[in-house]
Amino acid sequence: MAVPGPTARAGARPRLDLQLVQRFVRIQKVFFPSWSSQNVLMFMTLLCVTLLEQLVIYQVGLIPSQYYGVLGNKDLDGFKALTLLAVTLIVLNSTLKSFDQFTCNLLYVSWRKDLTEHLHHLYFRARVYYTLNVLRDDIDNPDQRISQDVERFCRQLSSVTSKLIISPFTLTYYTYQCFQSTGWLGPVSIFGYFIVGTMVNKTLMGPIVTKLVQQEKLEGDFRFKHMQIRVNAEPAAFYRAGLVEHMRTDRRLQRLLQTQRELMSRELWLYIGINTFDYLGSILSYVVIAIPIFSGVYGDLSPTELSTLVSKNAFVCIYLISCFTQLIDLSTTLSDVAGYTHRIGELQEALLDMSRKSQDCEALGESEWDLDKTPGCPTTEPSDTAFLLDRVSILAPSSDKPLIKDLSLKICEGQSLLITGNTGTGKTSLLRVLGGLWEGMKGSVQMLADFGPHGVLFLPQKPFFTDGTLREQVIYPLKEIYPDSGSADDERIVRFLELAGLSSLVARTGGLDQQVDWNWYDVLSPGEMQRLSFARLFYLQPKYAVLDEATSALTEEAESELYRIGQQLGMTFISVGHRPSLEKFHSWVLRLHGGGSWELTRIKLE
C-alpha cells in the first residue's frame with residue numbers, strides 16, 4: 001500500500017463503561033501531572049474553601065432552630081445576638097461561595113490550557129495532523145474536538161468539581177448527625193433512596209451519552225460545511241451554486257436538528273427522574289423525622305423544645321438528602337462530561353498511537369531542520385544527492401491500482417528533474433513519497449539532504465499562507481518573529497518580493513510588520529499567491545526546491561523569470577509541470593504513463 005488507507009468508521013458505541021473510566025483517568029493525568037503542579041494546588045485550595053463553606057452552611061442551617069428557641073422564650077437580647085451571628089455567617093458564606101466559584105473558573109481555564117496544549121503537542125508532532133485529516137476517517141472533526149469539545153468538557157467538569165469533591169465529607173458528617181437524630185432508620189432509608197435513584201439515572205443516562213457523541217459529530221459536520229462555503233465562496237459564486245449549497249447545508253442542519261430532538265426526548269426521561277427524586281426527597285426527610293416523634297421518643301419535650309428539635313433534625317436530614325439529590329441532579333451534566341470524555345479520549349488515543357509510531361522516524365520528521373534559525377550556514381555537511389529511490393512502487397490510497405512501479409532514481413545537485421504525465425498518473429503522489437507523507441508499497445526512499453534552508457523545500461500545489469504579517473508569510477515556516485521596528489533582514493525580504501513581482505504588496509499591507517485582519521486567500525489572486533510562494537522560496541534559498549505545478553497560474557514569461565532567479569540562487573529543481581517551456585530549466589524528465597509505467601530521459605537543449 002502506498003499509504004494507510006482510511007480506516008472504517010466502525011467504533012463501539014460510547015457507553016458508561018470501563019472504557020469511559022480509562023479515558024477519563026487518562027485525561028486527569030494531563031490535568032494533574034504531579035503533586036507539585038499548579039492544578040493540584042488550586043484543587044487543594046478549592047477543597048479547603050468548600051470545607052470551610054460547609055462548616056459555615058452547617059452553622060447557618062442551625063439558625064432557624066435557634067430562632068424557634070429565642071422567639072418561643074421571647075428572649076430579645078438572644079434574638080439580637082442571634083441575628084448578628086446570622087448576618088455574619090451569611091456574609092462569610094457568600095464570600096466563601098464566591099471564592100468557590102472563582103477557583104472553579106480558574107481550574108476551567110488551567111484545565112483547558114493544559115489539555116489543549118497536550119493535544120496540540122501530539123497533533124502537530126511530525127505529520128500526525130496530516131495523517132489524521134487526510135489518511136484516516138475514523139476520527140471525525142479533530143479540529144472541533146480540540147477547540148470546542150475540550151472547552152465544553154472543561155467548563156462542565158469545573159462546574160461540578162466543588163460539589164463532587166466535598167460530597168464524601170458532607171455525606172459522612174451528615175450521615176453521622178442523622179444517625180444521632182433518628183437512629184439507623186434515617187441513614188438506611190436515605191441511602192436506599194439514593195441507590196435506587198442512581199440505578200434509575202444510570203439507565204436513563206446511557207442512551208444520552210451515545211446520542212450526545214452523535215450530536216457533536218453532526219455539529220462539526222455542519223460547521224465544516226459553512227467553512228467550506230467560506231473558503232470556496234468565489235468558485236461557488238462562479239458556479240451560481242447558492243441554491244444547491246443552500247439545499248446541502250440545510251440537509252446537514254436537518255440531520256443535526258433531528259439528532260438534537262432525539263437527544264432532548266431521551267433527556268426528558270432523565271429530567272423526570274431527577275425532578276421526581278428531588279421532590280420525593282423533601283417528603284422523605286419529614287417521614288424519617290416523624291417516625292421517632294410518633295413512636296414517643298420525644299414525648300417529654302415541650303412544644304417549643306420539640307419545634308427546635310424538629311427544625312434541627314429536619315435540617316440535618318434534608319441536607320443529607322440534598323447532598324444525594326445534588327449528585328442525582330448532576331446526571332445531566334455528567335452525561336455531557338461522559339460524552340465529551342469519549343470524544344476527547346478517542347482523539348487522544350489516536351494521537352498517542354500515531355505519535356508513538358512517528359517516534360521511530362523522528363529523525364526524518366519535523367525535527368529535520370531548525371525552525372528558529374534564519375537562513376545561514378548549514379549545520380551539517382552538504383550532500384550532493386537529495387533523493388535516492390531504489391525500485392519504489394506506489395499505490396493509490398485504498399486501491400490496488402499501481403501508480404508507479406519499480407522506480408529507481410537518483411536526484412543530484414545541479415541535475416534538475418521535471419516530472420510530467422497525464423492527470424492521475426501519480427505525479428503529486430511521487431512528491432508525497434519523497435516528502436515522507438506517504439509510504440511506498442515496496443522499495444526504499446532515502447532523503448539525503450535536510451529540510452529547510454540549504455536543504456530541501458517543498459512548494460505544494462496549493463499555496464499555503466498562515467495568519468500573520470507579510471514578513472511572517474515570507475519567512476514561513478521559520479518561527480523567529482522580528483520586532484515592529486524592523487530588522488536587518490528587511491532589505492532582503494523587500495528585494496525578494498520585488499524579484500517575485502510583488503513590489504506593490506508591501507504598500508498594500510502597510511509594511512512588513514503591519515498586522516492585517518484579512519484572509520490572505522481572499523486578497524491575493526492565484527498568480528499573486530504563487531509569486532508570494534516563490535518570494536518565500538528565494539528567502540529560504542534551499543539547495544533543492546520541490547515544486548508541484550507551482551507556476552500554473554502564471555504566464556510562461558513570469559514562470560521563466562522565477563525559475564531563472566531560482567537557478568541564479570543555486571537551486572536544483574524537482575518540478576511537476578506540463579509546459580514544454582519548463583524543460584530548459586531541467587536536466588532530466590520523468591514521464592509517468594499510468595498503470596505503473598514510466599520513462600526517464602535526459603533533456604537535450606538546443
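Keep in mind that glycine also has a Cβ here, set from the backbone N, Cα and C atoms.
What Swiss-Prot says about this protein:
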- G421, N422, T423, G424, T425, G426, K427, T428: ATP binding site (BINDING)
- 39-332: domain 'ABC transmembrane type-1' (DOMAIN)
- 389-603: domain 'ABC transporter' (DOMAIN)
- 43-63: transmembrane segment (TRANSMEM)
- 76-96: transmembrane segment (TRANSMEM)
- 190-210: transmembrane segment (TRANSMEM)
- 279-299: transmembrane segment (TRANSMEM)
- 314-334: transmembrane segment (TRANSMEM)
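Taking Cβ-Cβ distances under 8 Å and a sequence gap of 6 or more within the same chain, the neighbours of G426 (ATP binding site) are I394, A396, L403, I404, L592, G594. Packing around K427 (ATP binding site) is summarised by its Cβ count: 23 other Cβ atoms lie within 10 angstroms of its Cβ, all protein chains included. Around the Cβ of N422 (ATP binding site), the number of neighbouring Cβ atoms within 10 Å comes to 11. With a cut-off of 8 Å on Cβ pairs spaced 6 or more residues apart, the transmembrane segment (314-334) and the transmembrane segment (43-63) reach 3 or more such pairs and are scored as touching. Here the Cβ of T425 (ATP binding site) has 21 other Cβ atoms within 10 Å, regardless of which shown protein chain they belong to. Listed in sequence order, Q461, D548, V576 are the same-chain residues six or more apart from T428 (ATP binding site) with CB atoms under 8 A from its CB. The list of residues near the transmembrane segment (76-96) in space but at least 6 beyond its ends in sequence, with Cβ under 8 angstroms from a Cβ of it, reads 49, 52-53, 56-57, 59-60, 63, 66-67, 69-70. The least crowded of the binding-site residues G421, G424, judged by other CB atoms within 10 A of its own CB, is G424. When other Cβ atoms within 10 Å of the Cβ of T423 (ATP binding site) are tallied across all protein chains shown, the result is 8.
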